[in-house]
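Record features (TrEMBL):
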{"type": "REPEAT", "residues": "162-196", "note": "repeat 'PPR'"}
{"type": "DOMAIN", "residues": "177-284", "note": "domain 'PROP1-like PPR'"}
{"type": "REPEAT", "residues": "197-231", "note": "repeat 'PPR'"}
{"type": "REPEAT", "residues": "232-266", "note": "repeat 'PPR'"}
{"type": "REPEAT", "residues": "267-301", "note": "repeat 'PPR'"}
{"type": "REPEAT", "residues": "302-336", "note": "repeat 'PPR'"}
Amino acid sequence: MFAFSSQCFCTLTPNITATHLRYVWKIPTNSNIYLNKLHFQPISVAVSNADPEIKNLETPDAEEPRFRWVKINSDSLTEEQKHAISQLPPKMTNRCKALLKQIICLSDEKGSLSRLLPAWVKSVKPRRADWLAILKELSRLEHPLYFEVAECVLLEESFEANVRDYTKIIHGYAKQNRLLDAENILLAMKRRGFLCDQVTLTALVHMYSKARNFKLAEETFEEMKLLGQPLDRRSYGSMIMAYVRAEMFDKGENLLKEMEAQDIYAKREVYKALLRAYSMTGDSEGAQRIFDTIQLAGITPDVKVCALLINVYAAAGRSCEACIVFENLRKAGLEPNDKCVALVLTAFEKENKLSKALDFLIDLERGGITLGKEASEVLAGWFRNLGVVEEVELVLREYASRN
């Protein structure tokens, strides 16, 4: 027994159940006066006299409004929303479809992601596969809330986020040139104890390269080397593209040689980018080297690749080399496009070899190749400059009849 005074006391009364013996505090109902003396207030009085803000927190009305999970009414949807919902995979689980429909139709009046996602998690207890299916579909739909959902999902315990999940978001931001958002995700990843691997660093090199921030691209590439793992062709390719954008073609070519020494070969677009760079700057020797390297890598040049080599010879007025590339293109079984024909004519024009150009045109006619718009414009412009448009028409007829 514990006595507060001679007139107020509490007792411990045994309360026996089938398996437990408990002691329950019993306070006399008329004990308020004694509690006041000990500076206690009855609960009802304490709440009524409390600060209004505190009182609001104690009442259900002050709780954060819960997300209202309502059935989607098709009559209230926009055509865009109806189309997006109709594109959802038929084999997708109902739980995932339900969330996607809510996201597609989400508005300020209906709620926010910060309340929608926890409500869904509490309701269906999702697994990682569910989250992946939802993110894949939002990405396919190019939904504006994709990145916001993805960032929220990273924090969900049921998602079991790993480095690759962060890398995918970084890469997505990089494709949209949202460097700050990508770097924020990188920082969040590091804060949560994940280390950058080769794939993540490759995505960063690609991002900095596209943003023409060569210094950061090179620093990231050097950091990748320090990992001590063999670099793959994606890692090399991303840095070569950075060198191309920085107009450091020789360094890009050196990396190609470094790759070849390890029997690693870049993708077609990397070779093509370096070839185009040499072609556009008029470096015929560099262009020829890359063209030869493409073939050594086991890649068959297509018409566009051949056109880049023809272009550099045409710009230099080297019609003989331009014709050799053109003939090799045809021998390889490729159909020359109008761009290739126009470039060869441009090479003839620069050297003022009209007779050679006419022979070239007759040969094309024999092969069933007709002049397109671009080639015709080159030819017409050349003849106009010579002032012999009508005379050339007569010569062409004579050539045609003679051959």
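Positions of Cβ are set from backbone N, Cα and C atoms, glycine also.
What TrEMBL says about a protein is an automatic prediction, not a curated fact.
Model confidence over the repeat 'PPR' (232-266) is summarised by a mean pLDDT of 94. Look at the repeat 'PPR' (197-231): DSSP puts its residues at 25 helix, 0 strand, 10 coil. Note on the repeat 'PPR' (162-196): residues 139, 146-147, 150-151, 154, 203-204, 206-208, 210-211, 223 of its chain, located 6 or more positions outside it, place their CB under 8 angstroms from a CB of the stretch.
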